[in-house]
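Heads up: the structure comes next, in structure tokens.
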Amino acid sequence: MEKTLVLLKPDAVERRLVGRIIAIYEEKGLNITALKMLKPTREIVEAHYQEHKEKPFFQSLVDYLTRGKVCALIIEGENAVKTVRKINGATDPAEAEAGTIRGQFALTKGENLVHASDSVDSAEREIAIWFPEITD
Ligand code: CMP
């Protein structure tokens, strides 16, 4: 079954939206197969976002992800990568459809609550970063 890596970012934890957001994925029929809460190191976040390292917002993105606890999830199901990204909505909450997580709960690109892998290959790479203990 297809896997994807989801992060509920520090604003989701601070705003006590973790349970509500997880319920949306579960109600869609997706399975949460791994879950952890952690305050990530800068190294983990820099590795995760390596494709953005030349972007002007990179340092603020790393500051944001490391400022508090993150809830990392592996979500599995048919077309999990595409389905979760659709549920999350566009990166910029101002562009996100109203029924999506970002459309409903987020206001700015700088604090957009959730991350999800953009492909099966990215999911494999990101799962290895956040769940190195999982080897299957
Ligand atoms: P995410 O889907 O996790 O992938 C990359 C992240 O970079 C994105 O969500 C946002 O949190 C962040 N991001 C993208 N564009 C900008 C921007 N213009 N300003 C600040 N943060 C951004």
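Cβ atoms are placed via backbone N, Cα and C, with glycine included.
Confidence over the domain 'Nucleoside diphosphate kinase-like' (1-136), given as mean pLDDT on the 0 to 100 scale, stands at 97. As annotated by TrEMBL, domain 'Nucleoside diphosphate kinase-like' applies to 1-136.
Annotated ATP binding site per TrEMBL: K9, F57, R85, T91, R102, N112, in sequence order. In three-state terms derived from DSSP, R85 (ATP binding site) belongs to a helical segment. Less than 8 angstroms from the CB of R85 (ATP binding site) sit A116, D118, each of them six or more residues away in the same chain.
Annotation source TrEMBL lists active site, pros-phosphohistidine intermediate at H115. Around the Cβ of H115 (active site, pros-phosphohistidine intermediate), the number of neighbouring Cβ atoms within 10 Å comes to 21.
Cα of H115 (active site, pros-phosphohistidine intermediate) to Cα of T91 (ATP binding site): a span of 9 Å. For K9 (ATP binding site), the number of other Cβ atoms no farther than 10 Å from its own Cβ, over all displayed protein chains, is 21. Take K9, F57, R85, T91, R102, N112, the residues named in the record as contacts for ATP: the widest Cα to Cα gap among them comes to 21 Å. Checking the recorded positions K9, R102, N112, H115 for a CB within less than 6 Å of any atom of ligand 1 leaves N112, H115, listed in sequence order.
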